[in-house]
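S.K.: Below, the features straight out of TrEMBL:
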- 18: active site (ACT_SITE)
- 18, 199: Mg(2+) binding site (BINDING)
- 23, 31, 35, 63, 64, 65, 67, 69, 180, 186, 187, 188: substrate binding site (BINDING)
- 66: active site, proton acceptor (ACT_SITE)
Ligand code: IPE
Ligand code: IPE
Ligand code: MG
């Protein structure tokens, strides 16, 4: 069974892009070299989405907890984000990709929030893919903030989900397929509310080497899964009398 999101606008795939640092150190390179290669993997992966039936792709680029990393790595990542926004916007618009950035904007270095707004405006008409990049993102902080603002305890799941997503500048889209590269098997505070019924796919592939074939494999495996959402939509044995 497909989720309502999937039926409406293609699958929502989300990726925890992990393994950049290991990829680089295994090659004797500085960690930032892995992050740089990771940006190329973003382009390749995003452009493969429409043909695989993915309508929304959410990528975890920088978590709220990643501020704890050494200042030079954080600075390098922020420079890469700035460059990405400057260099990729035209290509995103050309390929029908609408870009959104989710997460907090008030702690980003000067000028980045404006660059995000400009890139979002320039790509707003894109209809082939909605590419969402999560920067300074924390699912737990989103849930806490939404709970603190809650006035109507009868709001329900859909209404509260909208509040949770809104806290991180996003819209509520349930995740169908959640992929994590780099070999670790954890969620690291990513889309905890939205991934309630996501199918999980963990791969050893390091993010800088992730490509169209890996995404196709994850989607093929996803399509073989039996999603039940707590029910018995595809019962393989007769129900007990
Ligand atoms: C993911 O790669 C990118 C970010 C968290 C910014 P890592 O930098 O976490 O790479 P590993 O996990 O150290 O290999
Ligand atoms: C999660 O990766 C965040 C991103 C990929 C942006 P981390 O590398 O920060 O996660 P942990 O520390 O291994 O849980
Ligand atoms: Mg990591």
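For all residues, glycine too, the Cβ spot is worked out from N, Cα and C.
Because TrEMBL annotations are produced automatically, they should be read as predictions rather than curated entries.
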S.K.: May I ask for the distance between residue 66 (active site, proton acceptor) and residue 199 (Mg(2+) binding site), taken between their Cα atoms and rounded to an integer number of Å?
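M.R.: Between the Cα atoms of residue 66 (active site, proton acceptor) and residue 199 (Mg(2+) binding site), the distance comes to 25 Å.
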S.K.: What is the maximum Cα to Cα distance, in Å and rounded to a whole number, among the residues 23, 31, 35, 63, 64, 65, 67, 69, 180, 186, 187, 188 annotated as binding substrate?
M.R.: 22
S.K.: Which one of the binding-site residues (64, 187) has its C-beta surrounded by the most other C-beta atoms within 10 angstroms?
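M.R.: Counting Cβ neighbours within 10 Å, the top one is 64.
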S.K.: Measuring Cα to Cα, how far is residue 180 (substrate binding site) from the residue listed as 'active site' in Å?
M.R.: 7
S.K.: Within the set 18, 64, 67, 187, which recorded positions show a CB-to-ligand 1 distance under 6 A?
M.R.: 18
S.K.: Sort residue 64 (substrate binding site) into helix, strand or coil using the DSSP assignment.
M.R.: helix
S.K.: How big is the gap, in Å, between the Cα of residue 187 (substrate binding site) and that of residue 199 (Mg(2+) binding site), rounded to a whole number?
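M.R.: Approximately 12 Å lies between the Cα of residue 187 (substrate binding site) and that of residue 199 (Mg(2+) binding site).
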S.K.: Given the recorded positions 18, 35, 64, 67, find the one whose Cα is closest in space to the Cα of residue 199 (Mg(2+) binding site).
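M.R.: Minimum Cα distance from residue 199 (Mg(2+) binding site) across 18, 35, 64, 67 lands on 18.
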S.K.: By the DSSP assignment reduced to helix, strand and coil, which category contains residue 199 (Mg(2+) binding site)?
M.R.: strand
S.K.: Minimum Cβ neighbour count within 10 Å among the binding-site residues 23, 67: which residue?
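M.R.: Across 23, 67, these binding-site residues, the one with fewest Cβ atoms within 10 Å is 67.
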S.K.: Expressed to the nearest Å, what is the distance separating the residue listed as 'active site' and residue 67 (substrate binding site) at their Cα atoms?
M.R.: 16
S.K.: Give the three-state DSSP assignment (helix, strand or coil) for residue 35 (substrate binding site).
M.R.: helix
